[in-house]
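Feature annotations, reproduced from TrEMBL:
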type	residues	note
ACT_SITE	Cys100	active site, acyl-thioester intermediate
ACT_SITE	His390	active site, proton acceptor
ACT_SITE	Cys420	active site, proton acceptor
DOMAIN	16-286	domain 'Thiolase N-terminal'
DOMAIN	293-426	domain 'Thiolase C-terminal'
Amino acid sequence: QPKTKKTLGKTGVKNVVVVEGVRIPFLQSGTSYADLMPHDLARASLQGLLTRTSVPRDVVDYIVYGTVIQEVKTSNVAREAALGAGFSDKTPAHTVTMACISSNQAMTTGVGMIAAGQCDVVVAGGVELMSDVPIRHSRKMRKTMLTLNRAKTLGQKLSLISKIRPDYFAPELPAVAEFSTSETMGHSADRLAAAFGISRLEQDEYALRSHTLAKKAQDEGLLQDVVPFKVPGKDTVTKDNGIRPSSMEQMGKLKPAFVKPYGTVTAANSSFLTDGASAILIMSEEKALAMGYKPKAYLRDFVYVSQDPKDQLLLGPTYATPKVLEKAGLTLSDIDVFEFHEAFAGQILANLKAMDSDWFAQNYMGRKSKVGAPPLDKFNTWGGSLSLGHPFGATGCRLVITAAHRLKKEGGQYGLVAACAAGGQVMVLSSSVFPW
């Protein structure tokens with residue numbers, strides 16, 4: 001036995017703070033970002049964060065990004081983006097995927113590393129480029145091509161080629177569908193809305209609210225997290241392009257998008273395919289103050305939950321909210337700012353109904369009573385994913401930095417962020433404003 005004990009690593013749990021967060025404008029897929037690759041967008045978000053904060057690159061201990069549909073050439077998009085943004089090749093970076101909460105996972109991965117004393121400074125973020133997604137050959141064609149690559153003689157190659165049939169050329173297209181149920185998320189949203197009695201009118205009204213609030217926030221300069229991005233060969237993009245307040249009359253003309261002909265989910269009350277990237281700088285409280293930063297918020301507590309991916313795919317916020325409130329020692333009335341991911345208007349409204357139902361709490365959640373529904377005057381008041389857009393891997397960071405900005409703007413103390421994801425999973429995070 002050694003005469004004296006050595007302390008291996010740092011002990012104790014550190015407070016984690018948000019220093020700053022940015023995102024390049026979220027654009028409808030097929031527009032200005034269409035010719036780029038995912039790491040181009042992620043690199044732009046990193047560069048925007050560096051410009052906004054002036055944080056030295058060599059101070060960053062680790063970089064972690066979230067993404068959903070991976071570009072095979074840059075599977076670790078965090079690493080490629082970091083190198084492209086000028087970070088040292090000695091700075092580790094990895095990529096996580098957890099459907100629509102991928103950047104939430106990136107952030108909480110960073111929170112864990114800082115809280116455990118492994119790092120002091122982490123950049124977390126997310127990226128998605130839906131303009132260009134991998135489309136594979138059929139499995140039969142893939143197997144034939146791989147075998148053909150190993151063929152030694154011309155005869156072997158000709159023999160393999162002769163076995164190719166027309167159906168081999170049918171591509172495998174990606175789909176926003178559950179692997180375990182083969183059901184698209186839109187179908188799940190439509191069934192969820194029907195189960196909770198959410199009408200088409202209610203869904204359209206909520207979608208219009210989202211677009212109207214987003215437009216107001218954009219016009220008033222409240223979307224401070226947006227940084228301009230000079231697209232190579234094109235103009236500089238300065239704002240989100242999916243914010244389009246319409247009218248109930250125009251929205252009412254759209255046909256059901258998934259369950260036809262009687263469904264209630266349409267293109268107007270669903271989030272749209274979006275390209276974009278986000279980045280957030282998180283630090284230990286001590287490090288941030290030592291560097292002279294004024295953090296925006298503490299990241300306090302978070303929980304992940306999952307449930308049945310068929311009938312409860314999008315109900316995660318209902319299950320997770322009471323858990324994170326109990327963990328943080330708060331009640332719903334303590335929360336000043338709510339930022340929930342809006343996959344579909346019907347999904348949001350169904351969750352609000354479920355959260356406000358004693359029957360649902362008792363019969364499905366094993367709780368004695370409901371947690372309650374967030375009041376709409378505190379809920380997504382600067383718009384949400386229905387209007388701002390939803391790049392799958394990047395939305396989580398947008399939610400967190402928006403919550404921090406709203407807390408400061410509105411003089412609130414506590415914020416709660418929630419986002420549902422494929423697979424019936426969800427992440428909920430509570431934050432408190434920094435006491436400046």
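Residue 1 is the first one shown; counting continues down the chain.
Cβ coordinates come from backbone N, Cα and C, glycine included.
Keep in mind that TrEMBL annotations are predicted by a computer and have not been checked by a curator.
In terms of DSSP secondary structure, the domain 'Thiolase C-terminal' (293-426) contains 57 helix, 29 strand, 48 coil. Model confidence over the domain 'Thiolase N-terminal' (16-286) is summarised by a mean pLDDT of 95. Reported as a whole number, the C-alpha separation between the residue listed as 'active site, acyl-thioester intermediate' and Cys420 (active site, proton acceptor) equals 7 Å.
The distance from the Cα of His390 (active site, proton acceptor) to the Cα of Cys420 (active site, proton acceptor) comes to 12 Å.
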